[in-house]
Amino acid sequence: MTIAITPIQYALSIVSGVLVGFSLGLIGGGGSILAVPLFLYFVGLDTIPDAAHIAIGTTALAVGLNAYINSYMHLRKKNVAPKVGGIFAGVGLVGSLIGAYLGHITPGTDLLTYFAIAMIVLGVYMAIRRESTQAGTINEVNHVLDAFNKCPRLTISTILKVAVFGFIVGLVSGYFGIGGGFLIVPSLMFSAGLCITRAIGTSLISVGTFGVASGAEYWFYGDVLILIALLYVAGGIAGGYAGTSIAVKAPKRTLRIAYGIIIVLVGIYMLMRIYHVLP
C-alpha cells in the first residue's frame, strides 16, 4: 500500500515531534500521548487507509526510539536501576506484543475511541494528582547519588512483583501504542521500592522497549510509516531539550494541571471527530 504524503506533511511531522518531545521534557510521564492526535489531525493523515493503526504503530516506534535516547543520558548520570529495568521491560515486552496484536485486530474506530477515553482519564489524573513533597526530580543532581544508595536490593518477592506489574503495563502500552511512563514510574516505585529519581530514569528502558516492540509488530502488519517516525524522533530530540530546560524553572504542579486540561480537551475533540460531531 502506497500512501501519498506531501512535503508540508513531512514538515508538520517534525513540528509534531518537537511538540511531543517538548511536552515529555516539560512534564515527563504522559507527554507522549499527544503523538497520535497530532499525527491524525495536525499532520493531517486521518483520511489515509487504516489511519488509526498506522498512527498508533508509527508514533509508538517514534516514542520508543526517543525513550532509548533519553535512557542513555539517565544511565550516564547513574539514574537507572538496570536489573529492575531489565526485568520490568523483559516481562513487559511479552505483554506489549500481546497488546499490540490485540490493538491490531481491534477495529480502527473502536481503537481510537478507547484511546480518546484513555486520554481523558489520564488528563483528569494528571490535573488532580498531588506530587510528593519529599520526591526528588531528575534535575536535582545532589539527590541522585543519595537516592542510588537508598534503593533496596532485589528479592524473589520483589522480582515477582516487578514482573507482574511489567506484564500488565506492557499490555496496556502495547494496545494503545503509548510509552506508558505515567504507569511505569508508580509501578516501579510500588513493586521495587525505587525512589522517584531512579524510577523516572529506569522507566525509560521500558518505555523504549514497549514502544519499539509495538512499533515493530505494527510494521510487520504494514502499519508504520518509517520516515514519519524518524521525523518525529528528530523533532523530539530538539523539543525534549527545550522542554527539559524550561522544566527546571517552571512550577511543576501548574504545568501538570494545564497539560492535563489540554489532554482532556484533545480527547474530547478526538471523540467528536470520530463520531462526526465535528467535520
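Just so you know, glycine gets a Cβ as well, placed from its N, Cα and C.
Please treat TrEMBL annotations as automatic predictions, because they have not gone through curation.
Under the heading transmembrane segment, TrEMBL lists 12-45, 51-72, 84-105, 111-128, 162-184, 218-242, 254-275.
Touching of the transmembrane segment (51-72) and the transmembrane segment (254-275) is ruled out by the presence of fewer than three CB pairs under 8 A, sequence neighbours closer than 6 excluded. Remote same-chain residues near the transmembrane segment (162-184) are listed as 28-33, 35-36, 55-57, 59-60, 63-64, 67, 84, 87-103, 106, 114-115, 118, 122, 125-126, 190-192, 199, 203-204, 206-207, 210-211, 213-215, 217-218 (criterion: CB distance under 8 Å, separation of at least six residues from the stretch ends). With a cut-off of 8 Å between Cβ atoms, the residues of this chain six or more beyond the transmembrane segment (254-275) that come close are 23, 26-27, 30-31, 33-34, 37, 40-41, 46, 109, 112-113, 115-120, 122-129, 131, 247.
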